[in-house]
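For reference, Swiss-Prot has these:
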type: REGION; residues: 1-265; note: region 'Amidoligase domain'
type: BINDING; residues: S13, K186, T187, K188, P189, T190, Q191, K222; note: UTP binding site
type: BINDING; residues: S13, D146, I147, E148, K186, T187, K188, P189, T190, Q191, K222; note: CTP binding site
type: BINDING; residues: S14, L15, G16, K17, G18, I19, D71; note: ATP binding site
type: BINDING; residues: D71, E139; note: Mg(2+) binding site
type: DOMAIN; residues: 291-541; note: domain 'Glutamine amidotransferase type-1'
type: BINDING; residues: G353, F381, G382, M383, Q384, E404, R469; note: L-glutamine binding site
type: ACT_SITE; residues: C380; note: active site, nucleophile
type: ACT_SITE; residues: H514; note: active site
type: ACT_SITE; residues: E516; note: active site
Amino acid sequence: MARYVFITGGVVSSLGKGIAAAALGALLQSRGYRVRLRKLDPYLNVDPGTMSPTQHGEVFVTDDGAETDLDLGHYERFTGRSATKTDNITTGRIYKNIIDKERRGDYLGATVQVIPHVTNEIKDFVTEGNDDYDFVICEIGGTVGDIEAMPFMEAIRQLGNDLPRGTAIYVHLTLMPYIPAAGELKTKPTQHSVKELQALGIHPDILLVRADREIPEAERRKLSLFCNVRPSAVIQALDVANIYDVPIAYHNEGLDSEVLAAFGIEPAPKPRLEQWEEVCNRIRTPEGEVTIAIVGKYTGLKDAYKSLIEALHHGGFANRVKVKLEWIESEVFEKEDPTPYLEKVNGILVPGGFGERGSEGKIMAAQFARERNVPYFGICFGMQMAVVEAARHLAGIENASSTEFGPTAEPVVGLMTEWVKGNELEKRSTKGDLGGTMRLGAYKAALKKDTKIAEIYGTTDISERHRHRYEVNVDYKDRLEECGLVFSGMSPDGVLPETVEYPDHPWFIGVQYHPELKSRPLDPHPLFASFVEAAVEQSRLV
């Protein structure tokens, strides 16, 4: 029977509930338990797929094609377990499900209300499909007191009574700010946050208290007294230098032991943390440093590239080097010469994106990398712009462009109108909805033998996650290959280009998919490990 850990947040947002949930999952896994992580998001969007990256951050795509919250990326990276569409739900999805049921007549004429219909829908989501797991860690988005989160708080309160006794606990993540004028940490914000949580009928079993310095024992006892939790259940969550330090830091503070004790699991199995210790050691003792330029269009919010950032660091772990990121807004190159920005970097990465803004700057970045023999990694839109650059400057197709930007005489990149998903044919048109209509999730690709990318993977059959609406036009394949750009990977039916590369370049690879979504600190993605390795070689030439 699964046990449930509900993680809530208080005082302020962005305290790191996702990291806390992921770290706890990793710690329980290290003790031999089977763990599942789920996220409840209070916003009214059906999913984050159509939300601005500068508001929401990255959209994390699962193997089964769900567009989800970026916290699911943390869950996957810390536990190694691939998430699914059933691991993330929003208020919008819940209400959509309920309205669909009401229209079908499933409620038999009943008045549909928040209680019980909305709360029941939430409870069903939380509890379904958990027979194969020992623990289900469920993160509730937002902050206690948010009006959007009220149905979720009520649902998890009810679950505390619905589930068998001793199978559900509540962990409250809160903040203990330091006031310089007073020279001390303050407990009052946490007290008020817990008071508000208790007013909703939820009594936390464990307090996970964020702070930027050691919490004195007297303050811990004070929190224990006023918040009605055991002294040992007041766990300090101090700031750390790297997120991959968090599992061991929380273990040293006793979080996983306290969770198991709250469930009455004593004595608990010993944790095996050797792999995490090795990762932390590589982070602390790098043998070198490389600089990677990320030429993007959402650089104002780094969370828009969360998985990408982590995957680059994983590549650094694999090569025992520190990866320094140089963020460049691609529009800058449309006004200024890119040379001063790029001549000292060891690698250039152009990530995914949407729309015409900044596209010419990305094309210029690809041209610089090709002509100067700088390692180049183009992902999704970054591959498309590299192909447009080749079409213009190598194949002589001056008007080469993408139909995403408007009508063009040379549609080197165009809207995908159909593709095979499983055994079915998916179709799209320019007049279709935006939400959930891209080529989403894991698709297989066939790599050409004796290419660099096949050598990197060590196989010619791969499966990677996609999120795109436009694709390189296969009709231009022969003309581009005559100019030296090799289409080194295609969809199994040979219709959709998946990867391109220049054989005579030190490292120039474009991929239509998003390999960053499958990279793990304990298992770096081979493309990122190889890209950083190429950057290390480049650093020796500069």
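Backbone N, Cα and C define each Cβ position, glycine as well.
The structure displayed is predicted, hence computed values, not measured ones.
When the recorded positions K17, I19, E139, C380, M383 are ranked by how far their Cα is from the Cα of K186 (UTP binding site), K17 comes first. Counting only same-chain residues at least 6 apart in sequence, those with a Cβ under 8 Å from the Cβ of Q384 (L-glutamine binding site) are G378, S402, V413, Y470, E471, V472, G510, Q512. Taking the centre of the Cβ atoms of G353, F381, G382, M383, Q384, E404, R469 as the L-glutamine site, the nearby residues of that chain (Cβ within 8 Å, site residues left out) are G352, F354, C380, M385, S402, V413, H468, Y470. One way to see the shell of the ATP site is to take the Cβ centroid of S14, L15, G16, K17, G18, I19, D71; the remaining same-chain residues with a Cβ within 8 Å of it are G9, A20, A21, H74, E139, L173.
Of all Cβ atoms in the protein chains displayed, 15 besides its own lie within 10 Å of the Cβ of P189 (UTP binding site). Rounded to a whole number, the C-alpha distance linking K222 (UTP binding site) with L15 (ATP binding site) is 22 angstrom. C380 (active site, nucleophile) sits 7 Å from H514 (active site), counting Cα to Cα. In this structure, E139 (Mg(2+) binding site) is part of a beta strand by DSSP.
Neighbour density for M383 (L-glutamine binding site): within 10 A of its CB lie 27 other CB atoms from the protein chains shown. When the recorded positions L15, I19, I147, C380 are compared by the number of other CB atoms within 10 angstroms of each CB, I147 has the fewest. According to DSSP, S13 (UTP binding site) sits in a coil region rather than a helix or strand. It is K17 that, of the binding-site residues K17, K186, R469, has its Cβ surrounded by the most other Cβ atoms within 10 Å.
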